[in-house]
Every structure is written in C-alpha cells, then in structure tokens.
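So that you can see what the record holds, here are the features copied from Swiss-Prot:
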BINDING   Arg81, Leu119, Glu178  substrate binding site
Amino acid sequence: MIATRDDVCRQAGLQYGWLPHAFQAPRTLRGWLSDRGSLTQRLRSRYRDFRVLPVLRGVAAPFPDESGALGLARDASAYVRDVLLLGDGKARVFAHSVLPRAALRGGWNGIARLGTRPLGEALFRTPRVRRLAMTMRRVDARHPLYCAARRHAEVAERALWARRSVFCLDGHPLLVSEVFLPALLTP
C-alpha cells in the first residue's frame, strides 16, 4: 500500500521512541511539553525580551527518525531551519524544523524567508495549518537532536526533554522539534 501525503501527516511523529505523553518528565517541564498552544506566545509572555536567533537554515539531510516520520526516502534531503529562542538574552529553547523540499513550492513557501521571525507566529495565524501528532521524549548524546542543541547552546546536562509536533498544510507535513534547555526554568 502506498502512503498518501495525508497518511504521512497523520502518522508522523508517532515513532522512534517519541511518546504522546510526558509522564516521566520532571513536573516543572510537563506543562511546557504538553502545551498545544503557541510556544512563541508563551515565551513572549514570560520574558520581556524575546528573540529568535537563526543558527542554521538550508537544504540538508534530515535526522534518520525524521525521514521516517515524514515519509521521506533515507537519502532524501529537506529544508532544515534551526533557531535558538532567546528570553532576556538567554537560550531557552532550541527549535529544529524539517520540511520536505517539495512542500517549499506550496503553502509552506514562506518558511525559507522567515529570518529572525518566529515560525510559531506563522503556524498559529494560518487557519489552514493543522497541528496533528505531538510527541515528546528525553534526548541524549545518542540522538542527533541533542547534539544539535548542544552545538548551539551551552548545555552541561547529559539529557534534555524535547517535544515534536507535526503541522500539516494542504497535505504537506512540517516537523517541528523543540528542545527545552535548562535556562528555561531559571529567571
């Protein structure tokens, strides 16, 4: 059976150790992990100075678990955007977005031009965008998402909690992973 784009949108994210709940997460992080609202809005309301710092953008190979979740071939490339979400000058969240290249020609075509604007604003302002699967897990040095977060932010912890959401627009999935950095829980 050949999967359609809508099938990929429905199934993405529910694999590779990603779970639909955060029961094992520290109590202080559970609300952040499970909140289905805009992370951008939540960070803006918590910090006086909220900014987006782009650290990587362009065509790249998705992480292995992302290719599977998006229904891409293992050797396929995608558009990748990595940013740090800063609150009062400190990196609070590392965000990693992956979009199949074919989707850049459709409704997602503005993603490549976001620059320092938050992706969350575009996602939650567009009525046709649907948030589907939202999963979470603890990532450590064995997971490339942890390594990417550590490369761009000062992280001493051996593991971090992350959540991953699939947003769908016109049948095209966009995978957004957010790694919650230790500074999120500090003033």
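Each residue, glycine too, has its Cβ placed from N, Cα and C.
Bear in mind that the values here come from a model prediction, so they are computed numbers and not experimental data.
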Margin query: Sequence gap of 6 or more, Cβ distance under 8 Å: name the residues on the same chain that satisfy this around Leu119 (substrate binding site), in order along the sequence.
Written below: Thr40, Arg81, Val83, Ala95, Ser97, Ile111, Val176
Checklist line | Span of the substrate site, taken as the largest CA to CA distance across Arg81, Leu119, Glu178 (Å, rounded to a whole number) | finding: 12
Next item on the list: For Arg81 (substrate binding site), just count the other CB atoms lying within 10 A of its CB, please.
Entry: 21
Note to self: Quick check: which same-chain residues outside Arg81, Leu119, Glu178 lie with their CB within 8 A of the centre of the substrate site CB atoms?
What the structure shows: Asp82, Val83, Ala95, His96, Ser97, Pro118, Gly120, Val176, Ser177
Check: When a 10 Å sphere is centred on the Cβ of Glu178 (substrate binding site), how many other Cβ atoms does it contain?
Finding: 23
